[in-house]
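Pulled from Swiss-Prot:
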TRANSMEM  69-89  transmembrane segment
TRANSMEM  101-121  transmembrane segment
MOD_RES   207  phosphoserine
TRANSMEM  243-263  transmembrane segment
DOMAIN    252-316  domain 'EamA'
TRANSMEM  268-288  transmembrane segment
TRANSMEM  296-316  transmembrane segment
TRANSMEM  327-347  transmembrane segment
TRANSMEM  361-381  transmembrane segment
TRANSMEM  395-415  transmembrane segment
TRANSMEM  420-440  transmembrane segment
TRANSMEM  452-472  transmembrane segment
């Protein structure tokens with residue numbers, strides 16, 4: 001057996017051996033392996049962190065939408081309570097002072113109190129004192145184009161997309177090595193390095209929402225640019241006044257129709273016909289949608305029909321005096337329901353976001369225009385004989401003022417805010433909740449007993465309100481249409497012949513590809 005050949009000087013003392021370089025090289029390889037392992041573990045941890053952050057962010061965005069919906073529902077329920085108390089006070093006033101036009105005019109004119117905000121609220125005064133529109137005409141032209149694009153967008157998301165966290169992949173640059181290997185590495189100064197985050201946040205900006213990116217590149221002073229940014233998202237006082245001028249007539253006619261119906265017809269008939277505002281809102285919102293929550297679905301239609309059926313049962317349980325129905329009062333009720341639906345659908349289409357419109361300023365101008373433009377109606381109604389002008393006594397006047405401040409000024413502001421937070425259909429269906437609540441108030445305060453029809457009708461009214469809320473919350477989910485499609489697909493299904501695994505002749509190729517290739521080669 002031949003011994004292995006040894007290198008010269010191998011194993012001798014005082015002579016350089018070749019084993020230390022091999023050890024250094026193996027140590028270097030092991031260090032590289034440990035570094036790769038450390039980087040792999042770090043990448044895995046980053047991916048876990050990214051998953052957790054994205055999950056939390058999606059939950060937060062869903063929580064924000066749920067919080068808006070919950071706040072809107074609470075506000076609408078509070079409005080129902082206020083309206084029930086207001087209706088009780090209105091019934092007392094009509095027993096002593098049956099003047100629908102005067103009552104509606106007085107309550108609507110109280111909206112002028114909101115215009116005191118120009119004295120108290122500084123941003124409102126700045127819109128009048130500062131010439132922003134003349135000074136920055138081009139800027140506001142871009143802003144109007146931006147908001148016009150927003151108005152045509154039917155989606156709820158009018159800002160940046162939800163953040164997405166992605167790990168950053170740094171490309172390692174080749175390290176600079178010294179030319180001479182004899183230079184001592186300990187004497188070379190260490191270069192200072194900057195640590196960057198290993199996770200980057202990505203947000204996408206829609207093309208029609210790119211005004212903010214243009215504002216960030218403008219050369220205005222910081223304070224001036226900040227003030228413009230605060231006011232550009234809001235409608236100016238002139239624009240709010242124009243919107244109020246149009247909607248003041250619709251709102252006044254809707255309330256006047258309801259008051260006239262109450263004076264001509266029984267309350268039960270008025271409430272039954274007024275509940276059709278939900279149906280008018282559903283139809284108008286489908287024709288003139290303001291957002292994705294106003295899309296027409298079959299489930300919403302059935303919920304509205306369910307609500308109307310419940311209202312009919314509730315009113316039948318509350319009163320049996322239905323023999324003296326007046327046709328004029330029924331027409332007034334239907335007109336009021338239709339005008340109320342036009343009012344809420346058109347204003348949501350005109351103003352797509354609640355932060356774009358100053359709701360107190362809007363109602364303030366509504367009261368101002370009603371006070372300035374509709375006072376000739378007293379002379380017209382007085383000389384035609386429809387309603388004689390008569391000033392009320394102190395008690396009735398105090399009741400009208402209290403009812404106007406709480407039941408009209410405050411409640412209309414809260415109701416419109418709740419409609420912006422939820423949807424126009426939910427806001428109109430919330431009106432139907434006042435009927436069972438008013439009957440409950442009569443049971444508690446006046447000790448009135450109702451039949452089983454009341455309870456049979458109150459349950460559908462409450463259920464329809466919360467059903468539509470859930471349908472709008474879950475992105476216009478239409479379970480009724482889904483069920484109909486599945487039933488139709490089940491009935492119209494075709495019996496298909498399924499392949500049996502044991503039938504080998506069905507899987508056998510009729511033309512052998514190998515034989516075909518051989519014939520092509522021979523030819």
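Don't overthink the numbers, they just go from 1 along the chain as shown.
Even glycines carry a Cβ here, placed using N, Cα and C.
Sequence-distant contacts of the transmembrane segment (395-415), counting only residues of its own chain at least 6 positions beyond either end whose CB sits under 8 Å from a CB of the stretch, comprise 75-76, 78-79, 82-83, 85-86, 89-90, 92-93, 96-97, 103, 106-108, 110-111, 113-114, 359-360, 363, 427, 430. Most Cβ pairs under 8 Å to the transmembrane segment (243-263), among the stretches 69-89, 101-121, 296-316, 361-381, 452-472, belong to 361-381. Contacts between the transmembrane segment (296-316) and the transmembrane segment (327-347): absent, as fewer than 3 C-beta pairs lie under 8 angstroms at sequence separation of six or more. Of the candidate ranges 69-89, 101-121, 361-381, 420-440, 452-472, 420-440 has the most C-beta pairs within less than 8 angstroms of the transmembrane segment (268-288). Within its own chain, the transmembrane segment (69-89) has Cβ neighbours under 8 Å at 399, 402-403, 406-408, 410-411, 414-415, 417-422, 426-427, 430-431, 433-434, 437-438, 441, 469, 472-473, counting only residues six or more beyond its boundaries. Across the residues of the domain 'EamA' (252-316), the predicted structure has a mean pLDDT of 75.
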